[in-house]
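For reference, the structure discussed in these notes is given below.
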Amino acid sequence: MAASTSGDKAADDSLYPIAVLIDELKNEDIQLRLNSIKKLSTIALALGDERTRNELIPFLTESIYDEDEVLLALAEQLGNFIPLVGGPEYAMYLIPPLESLATVEETVVREKAVESLRTVAGQHSAQDLEVHLVPTLQRLVSGDWFTSRTSACGLFSVCYPRVSAAVKAELRSNFRTLCQDETPMVRRAAAGKLGEFAKVVEVEYLKSDLIPMFVQMAQDEQDSVRLLAVEACVSIAQLLPQDEVEVNVMPTLRQCVNDNSWRVRYMVAEKLTDLQKAVGPEITKVDLVSAFQFLLKDSEAEVRASAATKVTEFCLNLDKAAQEQIIMTSILPCVKELVADTNQHVKSALASVIMRLSPILGRNNTIEHLLPLFLVQLKDEWPEVRLNIISTLDCINDVIGIQQLSQSLLPAIVELAEDSKWRVRLAIIEYMPLLAGQLGQEFFNQKLRDLCFNWLNDHVYAIREAATLNMKKIVQTFGTQWAETNIINQILVMYKNSNYLHRMTCLFCINALADVCDADIIERLFLPTIKVLSTDPVANVRFNVAKTLQKLSPFLDQAAIDEHVKPILEKLNTDTDVDVKYFASEAMVGIAAA
């Protein structure tokens with residue numbers, strides 16, 4: 001009787017994980033159901049290989065009716081389940097639930113199920129692949145709903161390399177069927193996987209079977225299918241010899257460059273440098289240069305912007321013997337037009353890469369042809385265009401040298417720095433730390449430092465505030481030793497200014513620089529200045545002294561606080577102005593609590 005009871009208890013214990021899972025999966029709370037799916041691997045470990053295969057997986061297969069979030073988690077979990085069902089020889093047990101998930105309506109669930117099926121397929125032996133996964137693929141291909149047929153497209157490339165010649169012929173036929181499917185979503189899925197499939201198909205069948213599909217898809221009535229055919233174009237071109245690329249790929253590519261849909265032309269622009277590498281220098285010179293010109297002059301701004309980002313890379317990939325001549329005669333005239341484009345995104349895209357043409361064209365061409373374009377963009381009304389030019393100044397600096405750069409670009413920078421519109425001045429301030437890093441200490445000291453000091457005395461508060469932060473960033477770039485030698489004394493001397501706003505700016509600079517200067521500078525240089533300002537006749541200055549001392553205290557040791565900080569705060573705490581007393585009191589409490 002005792003033995004029987006213990007046997008029943010063992011049986012109950014072994015059923016417990018499944019019972020809990022069933023309860024949780026039936027719970028109304030979606031978060032609880034989601035958590036139970038995420039714990040599947042723990043449940044599978046508790047059940048063991050055999051019971052996972054025979055009980056857990058069938059249960060999951062039968063219960064695939066839930067919220068998309070839960071199904072997505074399930075599809076992801078099953079992809080990692082191979083060790084939990086007993087290893088690769090039992091991987092086929094995972095196919096039924098994943099096949100069901102690959103047919104659901106929600107796209108992300110299907111995609112994750114296909115991803116997991118591909119993982120599972122990789123663990124199958126060639127024989128198991130034909131017995132278990134190929135029939136699954138064929139069921140998906142012949143499914144009534146487009147969802148199963150779109151999922152099928154993602155499995156061809158993992159099955160094809162390891163099956164027999166007869167099965168390969170069937171798979172090619174199945175893929176052709178999907179490419180001609182009446183539903184655009186299926187044709188789109190097939191077009192998206194065409195390049196991937198082309199890489200595993202033998203060259204003879206690539207030419208006889210897949211290229212006709214590619215040509216057909218590039219002429220599809222749906223632009224969403226045609227644009228994906230452009231992606232396949234790159235893969236196919238990489239797999240064919242040059243002479244066959246000209247015959248089999250280029251006519252279709254020329255057609256795509258002139259497509260009525262801007263989205264197709266955009267995709268050509270996005271993939272142009274990949275195509276350039278795939279087709280080689282000769283076809284690039286004959287065909288792609290004119291295609292690139294066409295895209296740079298496209299009527300749609302999105303296409304021009306995409307093409308503009310490829311200018312430098314396209315030029316770099318040109319045949320070195322003809323590189324300069326092609327750039328100067330074919331590419332640069334288009335670039336000059338884009339500099340004055342009406343669309344800010346096009347100009348910004350060009351500005352991010354145009355500087356990198358300098359090393360390709362050399363010093364003389366840069367000075368004669370590129371510098372005028374840089375100056376135009378440096379004065380552009382859109383901040384992003386100016387920033388993109390300034391952030392790549394090092395490219396041109398390396399080619400023409402700092403002297404030439406300062407003669408040509410510096411006047412434009414100074415002009416912007418002194419512009420009557422404060423927002424223009426603000427924009428150039430924000431780029432100054434970047435410029436300082438690009439051009440180096442010596443150039444900054446000679447040409448730009450005085451500009452930064454002028455901003456500290458600007459009549460607009462937003463400029464003074466930005467200039468203060470600017471000083472901090474420049475010290476971060478050049479270091480505290482440079483700061484002590486070149487800027488700190490000139491900042492501190494502002495405490496003598498007759499305008500109280502400038503004396504306040506001195507305090508704000510001390511506040512900002514405290515984060516990047518060491519304790520010695522704070523104690524030796526900042527505290528004496530603060531002590532003088534603590535007796536300022538303007539109350540606003542005095543209460544900012546209290547706030548500044550609270551900010552500096554964490555950077556000082558206790559002896560410095562006791563000797564310098566506390567006496568100033570105690571005096572301010574007896575001030576006649578109520579605000580000064582308040583902030584002094586706050587600072588004393590804050591320092592004591594630290």
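Glycine is treated like the rest: Cβ placed from N, Cα and C.
Since we're looking at a predicted model, the values are computed, not measured.
TrEMBL lists 183-277 with the feature domain 'Phosphatase 2A Regulatory Subunit A helical'. Here TrEMBL flags 17-55, 94-132, 171-209, 210-246, 249-285, 331-369, 370-408, 409-447, 526-564, 565-594 as repeat 'HEAT'.
Nonlocal intrachain contacts for the repeat 'HEAT' (331-369), taken as residues 6+ away from its ends with a CB within less than 8 angstroms of a stretch CB, comprise 289, 292-293, 296-297, 301-302, 304-306, 308-316, 323-324, 376-377, 380, 382, 384-386, 388-389, 392-393, 395-396, 398-400, 404, 408.
Through the fold, the repeat 'HEAT' (409-447) approaches residues 371, 374-375, 378-379, 383, 386-387, 390-391, 393-394, 397, 402, 454-455, 458, 460, 462-463, 466-467, 470, 473-474, 476-478, 482, 486 of its own chain, all at least 6 residues removed from its boundaries and within a Cβ separation under 8 Å.
Only residues 6 or more beyond the boundaries of the repeat 'HEAT' (565-594), in the same chain, are considered here, and those with a CB under 8 A from a CB of the stretch are 527, 530-531, 534, 539, 542-547, 549-550, 552-554, 556.
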